[in-house]
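Structure record follows, encoded as structure tokens.
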């Protein structure tokens, strides 16, 4: 095995820290979304005209919630997948298929989300594009794309290292998928 147990232990600690960080971020974003939508609905019923800033803020919170949720699910191997083919294969073949799939995830998240999203953030920050109602720089809103891409890239690399270092099939229980 090319990597020591200490290396995997350190990576697992970083992964656990990132999962906790993402979990806290998701809870805060969900709380913000519920609060903002409640204020918007309340203002609609009380004043017959909803506040437009809350609509924009809810939209941005939902974007961040979706992208950070995807990163969180990816890190815990809870993303949407069809396991019929991998589960039918013997472990050595399945390991190579799973490695290849993580390589595709790495390419997509790295190139589209991290590189493309980072370029989008830099472009919108340099052009000083702002949101219509809140006046926020759009680059900060778009930052969710490369940030979630970075989390997904990290977790894809970690999964690939786990697959490369494993000789035996992981436990078949979905709760234990990250314990390779």
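Just so you know, the numbers here start at 1 and follow the chain as drawn.
In case you wondered, yes, glycine gets a Cβ from its N, Cα and C as well.
Worth saying up front: this structure is predicted, and the values here are computed from it rather than measured.
Listed ranges 77-95, 96-114; the one TrEMBL annotates as transmembrane segment is 96-114. DSSP assignment over the domain 'Tripartite ATP-independent periplasmic transporters DctQ component' (33-163) gives 106 helix, 2 strand, 23 coil.
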